[in-house]
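The signal peptide feature in Swiss-Prot is assigned to 1-24; the stated evidence is sequence analysis. The feature domain 'Fibronectin type-III 1' is assigned by Swiss-Prot to 37-136. Annotation comment: Swiss-Prot describes ASN47 as N-linked glycosylation site, evidence class sequence analysis. The annotation domain 'Fibronectin type-III 2' is assigned in Swiss-Prot to 144-239. Taken from Swiss-Prot, the feature region 'Disordered' applies to 281-328. Residues annotated as disulfide bond in Swiss-Prot, with similarity to another entry given as evidence: CYS343-CYS354, CYS348-CYS365, CYS367-CYS376, CYS530-CYS560, CYS565-CYS576, CYS570-CYS586, CYS588-CYS597, CYS784-CYS795, CYS789-CYS804, CYS806-CYS815, CYS975-CYS1002. Under the heading domain 'Laminin G-like 2', Swiss-Prot lists 605-784, citing sequence analysis as support.
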Amino acid sequence: MDLISTFLLHFLLLACSLPPGAVSLRTALRKSGKVGPPLDIKLGALNCTAFSIQWKTPKRSGSSIVGYTVFYSELGSDKSLREQSHNVPVGQDTLITEEVIGDLKPGTEYRVSIAAYSQTGKGRLSFPRHVTTLSQDSCLPPEAPHQPHVLVVSDSEVALSWRPGENEGSAPIQSYSVEFIRPDFDKSWTIIQERLQMDSMVIKGLDPDTNYQFAVRAMNAYGFSLRSQPSNTIRTLGPGEAGSGRYGPGYITDTGVSEDDDASEDELDLDVSFEEVKPLPATKVGNKKSKKTSVSNSEMDSRLAQPTSASLPETTVAVPPTPAQRKGKNSVAVMSRLFDMSCDETLCSADSFCVNDYAWGGSRCHCNLGKGGEACSEDIFIQYPQFFGHSYVTFEPLKNSYQAFQITLEFRAEAEDGLLLYCGESEHGRGDFMSLALIRRSLHFRFNCGTGMAIIISETKIKLGAWHSVTLYRDGLNGLLQLNNGTPVTGQSQGQYSKITFRTPLYLGGAPSAYWLVRATGTNRGFQGCVQSLAVNGKKIDMRPWPLGKALNGADVGECSSGICDEASCINGGTCAAIKADSYICLCPLGFRGRHCEDAFTLTIPQFRESLRSYAATPWPLEPQHYLSFTEFEITFRPDSGDGVLLYSYDTSSKDFLSIIMAAGHVEFRFDCGSGTGVLRSEDTLTLGQWHDLRVSRTAKNGILQVDKQKVVEGMAEGGFTQIKCNTDIFIGGVPNYDDVKKNSGILHPFSGSIQKIILNDRTIHVRHDFTSGVNVENAAHPCVGAPCAHGGSCRPRKEGYECDCPLGFEGLNCQKAITEAIEIPQFIGRSYLTYDNPNILKRVSGSRSNAFMRFKTTAKDGLLLWRGDSPMRPNSDFISLGLRDGALVFSYNLGSGVASIMVNGSFSDGRWHRVKAVRDGQSGKITVDDYGARTGKSPGMMRQLNINGALYVGGMKEIALRTNRQYMRGLVGCISHFTLSTDYHISLVEDAVDGKNINTCGAK
């Protein structure tokens, strides 16, 4: 033990032996009354403007702690800035304290200390610690959402949907806020709802006949985004327009059917409200406006028109039956739960709502549209809705139907009674309305124009569990019902009024106020079963929830096709998809077909079928910048239907797209450079089942369309933008997802028919090699599918017929005949060519000098004699060529700094032999033809060498327009002999060729 240690030990022993009145060592070793610093201090950055700090109470404090102060200062580059403080009160029995310090600078380092306070004053500061807030890049708010889409529902309501921006920022999006402006009246935006948890809503209580725009902001943990691009200006319907009027709270709060209720829902002056796209809110008991009345059967019957059917009007007001069990993984929940109390006292789970049950008493909780399960927590994809007796789906009110309408419905019932359709002037059947209901397995079509009801009853009853189709038609007072294409039943309403006012939603499968509709519709039961299709006035209604479909809201709805794919066995990479409520197809990848994709085959000429959801995809051959300003497609196709998409591509991050579609028998070419859509439409309709040639092109924002020999159609896209960038594949015959297509593309259905040729900017898209993906593409009925060309020949479709391109050594319609004699003088047919890659030949068609001589004869004014150039050709690529253009003989070359073209005019397409000699020495060139004398020329710039890596072609070449940059569109139609290079290097045209197509002996047939 050293000297110091010995001294301290003796000092401690002395201190312990002091009497009580003496000063203790503990007091002597510290300042009197000072509280120690907090313990176990922990610092952490919360975000870019705040940090958190946590500590424990100091040990052995002489007096009770009354509070703390956090001292913090920003550390600059050279010195610390002014110190700031934050006081923290002490909670009861708090051993650990945690606090957040905010309003700080992003990405900044702070020095932090803490001191405790007691009754005796400030304690000792803790040892300083450092913490740095997160950088600004780590705390970004979201990007603005995409421009919202608005659907006008009535004179006071619109449905709004939007997609989030491309970047959600540094944290997930938590909610949205919605704003509106009336451009004709307002100068600033008004927020109508904040912290919305979804991306589609219905706005109620708007002013009728008024212009509106809407915008959306997204919010995450770091703040709000910028305002989205405002929606297109929309105008709410006028009070007198068909389909006008409010639905929702304005109707559902009136629970009675009193005839003396003078309050008019149309006169409600509601404030703007913002609601989720979900079923109508709860019907409340005891509404002071309502008064239940009783109407006798005789009173009701006296108000009905006599139907043509002998059946008397029937009314079903029995106890609602137990709904059919929901089947499949998407529809698990049973009948909505019944409670003994009213909705005022019932608490429903999230994604559900309450409706009072007047038939049973009490109330029921119903799942919102798209939700299911015991707690309405399961997502249900609805395409073919299934109803359970208490279900319904709502669509916008019938429009343009006040005088006449036609509705077609395909359904399968599981119970004898139930309401299928209802739309009217009020939610409770008062005034004008139309309805379709099942009553004891008979269909009842009822409508009232305001002065008396018509009841039209089907003559035959439906079969439970079987599919049925029913068509309703009304024109003025007259109505018609047709079941399963049977004999129509007609009827007529009473009185003089012939128009129907439709203000409520169109209800399918039931209605929230079905209990009160019994007098009008004849039943208080909801439908039980499935609906496969619904069409109004000739337009098929997409029954999926909005915004994908037209269903605005609903209650307790399942999916009829749920589980249909559970037992499916799609092989070879096929996937199952429901195509009807009770049937499926396998989406087979390219090269497979059959019910389960069991058959492998080679795709030759694609056949597309709308019923099989066919499509194929191919990437753009070159990068997008090659197609920004010019795009041209040539397509040969045979349509089997008047509607469908032929070709489509688009840009995912802008409005750019181009589409070629069939629409009502016409061909339409649509494109958008980002500032407006151009639509070009063929003048005449196309004959179905026949082959047609189509050419469309776009230069900047100008478009051209020509079908067969119809008049050329020209048009222009709107706006000032002139380029189109497409970053997706080219989709042919259909698209994978019709919900993702651009709004103005016109794409609604897959194409039904065949496509045998697609050429993009002179480049052929080959089915076998270039198609990279697709589903359910089969072979068309065409001779080329049977591979008729023998000995390696390739089949070239020519509408209904074909041509064979035969390899060297074979000839005949199907290349079936071998050429046994040597070909001294080859004959070319316009799609022929000979190829040479011998270095001794190629070096004589490159470098600083070139000399070529040949004899030829032809009957065509255009055709290529000789070509050598880079492949692929680029701007200012080196090349050398000799050929006929519009009757003139042209010698051209480019040494890298510009093209030289030396031309000799003459009658060279006379079918006689002609001699031509083309000589180049550096930049200078000369061509001599027969006795016409020499023509000379010189290439521009400084380049003197011909630098080429490609092969030499004689008489033509593959993809001639593409490879020559459209200098030549076809090969020679004629013969060539005596081909000599460098004055003395004689080439045996056929024997020296490494490849060739369609070569025969000159003069042979």
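Any Cβ shown, glycine's included, is placed from N, Cα and C.
Sequence features annotated in Swiss-Prot and their locations in the structure.
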residue	record	DSSP class
ASN47	N-linked glycosylation site	coil
CYS354	disulfide bond	strand
CYS365	disulfide bond	strand
CYS376	disulfide bond	coil
CYS560	disulfide bond	coil
CYS570	disulfide bond	coil
CYS815	disulfide bond	coil
CYS975	disulfide bond	strand
CYS1002	disulfide bond	coil
Hey, does DSSP put CYS588 (disulfide bond) in a helix, a strand, or just coil?
coil
In terms of DSSP three-state secondary structure, what is the assignment for CYS784 (disulfide bond)?
helix
Between CYS560 (disulfide bond) and CYS576 (disulfide bond), how many Å separate their Cα atoms?
16
Where CYS806 (disulfide bond) sits in the secondary structure, as DSSP reduces it to three classes:
coil
If you measure from the C-alpha of CYS570 (disulfide bond), which of the disulfide-bonded residues CYS343, CYS348, CYS789 fall inside 10 Å?
none
Cβ-Cβ distance under 8 Å to the residue listed as 'N-linked glycosylation site', same chain, at least six residues away:
THR133, LEU134, SER138, CYS139, ALA221, TYR222
Among the disulfide-bonded residues CYS343, CYS354, CYS588, CYS597, CYS795, report those whose Cα falls within 10 Å of that of CYS365 (disulfide bond); none is a fine answer.
CYS343, CYS354
Using DSSP, tally how many residues of the domain 'Fibronectin type-III 2' (144-239) sit in helix, strand and coil.
0 helix, 41 strand, 55 coil
Among the disulfide-bonded residues CYS597, CYS806, which residue has the fewest other Cβ atoms within 10 Å of its own Cβ?
CYS597
What subset of the disulfide-bonded residues CYS343, CYS367, CYS530, CYS597, CYS804, CYS815 lies within 10 angstroms of CYS784 (disulfide bond) at the C-alpha level?
CYS804
When you measure from the Cβ of CYS570 (disulfide bond), how many other Cβ atoms are you left with inside 10 Å?
22
Including all protein chains shown, what's the count of other C-beta atoms within 10 A of the C-beta of CYS348 (disulfide bond)?
21
Can you tell me the mean pLDDT for the domain 'Fibronectin type-III 2' (144-239)?
86
DSSP secondary structure for CYS597 (disulfide bond), reduced to helix/strand/coil, please.
coil
Between CYS348 (disulfide bond) and CYS354 (disulfide bond), what C-alpha distance do you get in Å?
7
Between CYS975 (disulfide bond) and CYS789 (disulfide bond), how far is it from one CA atom to the other, in Å?
24
Does DSSP give CYS530 (disulfide bond) helix, strand or coil?
strand
Which of the listed disulfide-bonded residues (CYS376, CYS588) has the least company, meaning the fewest other Cβ atoms within 10 Å of its Cβ?
CYS376
